[in-house]
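TrEMBL has this to say about the protein:
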- LYS239: active site, proton donor (ACT_SITE)
- GLY10, CYS11, GLY12, GLY13, VAL14, GLY15: NADP(+) binding site (BINDING)
- LYS140: NADPH binding site (BINDING)
- GLU224: L-homoserine binding site (BINDING)
- 171-369: domain 'Homoserine dehydrogenase catalytic' (DOMAIN)
Amino acid sequence: MKSIPVLLLGCGGVGRQLLEHVVNCRALHSQQGLVLRVLGVCDSRSLLVVDDVATKGMQDSFLMEICRAKSSGSSLSSLLRLGQCQIFKDAEMMDKVIDIAGLLGRSTGLAVADCSASSETVNILKQAVGLGCCIVLANKKPLTCGIEAYEKLISNFRRIRFESTVGAGLPVIASVTRLLASGDPIYRIIGSLSGTLGYVMSEVEAGKLFSEVVQAAKSLGFTEPDPRDDLSGMDVARKALILARLLGQQINMNDIKVDSLYPEELGPNSMTAEDFLRCGLSSIDRDFQERVRVASSNGKVLRYVCMIEGSRCEVGLQELPKDSPLGRLRGSDNVVEIYSRCYKDSPLVIQGAGAGNDTTAAGVLADIIDLQDLFQ
């Protein structure tokens, strides 16, 4: 039985779902001759770790206790009463993660899974890579930091997986890397990479007011508590940057043209989220209706997409043919069209659920399993 030691950074929605997937897939992985040994779980304040990282893993019952505790808002330290682990906090926590990486990275191997939403994991991940560890990312921020840090993280490309950073469980990164490895040059990627904005645009196209659709999306749980976090386009821009860098562009976030769906005077520096929802949103309705009308008169539809072509990387509203994969998009699915020498006239199209804790965590788990040949 091959053992894959796993250290989890981040115990929010995706991290907890990953632990549940690990527990629920025990029988399946056993049939494949694998066991995932979760030896540590870290949140923003503390690290719970087994007393012998070389041989032990957390029991499944304890992993589920972690999920229950974090879901209820309790701290990891509240689980010390169960007596299975040690706890490390603050700077001591980070030092312990590096100690574990140094001990296991070049011996049994270690998969460091970053399911946080923090930019502060970058330095830990860079050191883990240098110590021979594998890293698996759902967190986009390490891959959208400065170009030097990015190049360090991908310096051993066989030891990094980041499928869940762009399309949750959709095989976007795998498709791009396989095409590039085959010598098939990709010259354009265009995609709707936000389930929230995909839903908004398809509903507005159906004749509903922009403000009403955003309010509905928020009530359905599709948006962040402050919908401007989605409407700004920055999450799509991070995904676009990851894809652009994968295609070889040496760019940073500030090189990407991002078209926000609200004007600066309605931004967080000018009004609260409550005021934005109460009166700011409705002030955008007329302009949006006009843009939809113009697109329709041109025989097209509006979609919020990323466009990567040559040295160009842009994020914003575009008019697209109604009969294209993106034009036919409805609801909260993600759609990516990839154009290359082999897929010139008929693009490679990837479509499906591109968001959600369950889907994202499943993508992280698949990435960990994909690394199995690198473990002893």
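Using N, Cα and C of the backbone, Cβ positions are placed for all residues, glycine too.
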Mean pLDDT across the domain 'Homoserine dehydrogenase catalytic' (171-369) comes out at 93
Distance between GLY12 (NADP(+) binding site) and the residue listed as 'NADPH binding site' at the Cα atoms, whole Å? 15
Closest of the recorded positions to GLU224 (L-homoserine binding site), Cα to Cα, picking from CYS11, VAL14, LYS239? VAL14
Note on NADP(+): the CB centroid of GLY10, CYS11, GLY12, GLY13, VAL14, GLY15 has further same-chain residues inside 8 Å, namely ARG16, GLN17, LEU18, LYS70, CYS115, SER116, ASN357
GLY10, GLY13, VAL14, GLY15, LYS239 filtered to the recorded positions whose C-alpha is within 10 Å of LYS140 (NADPH binding site): LYS239
Do you know offhand how many angstrom separate LYS239 (active site, proton donor) and VAL14 (NADP(+) binding site) by C-alpha? 17
Other C-beta atoms within 10 angstroms of the C-beta of GLY13 (NADP(+) binding site) total 17
Ordered by sequence, the long-range same-chain Cβ contacts of GLY10 (NADP(+) binding site) under 8 Å (at least 6 apart) are CYS42, ASP43, ASP114, CYS115, SER116, ALA117, SER118, THR121, ALA138, ASN139
Let me know the most crowded of the recorded positions, choosing from LYS140, LYS239 and counting other Cβ atoms within 10 Å. LYS239
How many neighbouring Cβ atoms, not counting its own, are there within 10 Å of the Cβ of GLU224 (L-homoserine binding site)? 14
Other CB atoms, at most 10 A from the CB of GLY12 (NADP(+) binding site): 16
For CYS11 (NADP(+) binding site), which residues of its chain lie six or more apart in sequence with Cβ-Cβ distance below 8 Å? LEU19, VAL41, CYS42, ASP43, ILE66, LYS70, LEU76, CYS115
So if I measure Cβ to Cβ from VAL14 (NADP(+) binding site) and keep only same-chain residues at least 6 apart in sequence, which ones fall under 8 Å? CYS115, ALA138, SER164, ASN357, THR360, ALA361, VAL364
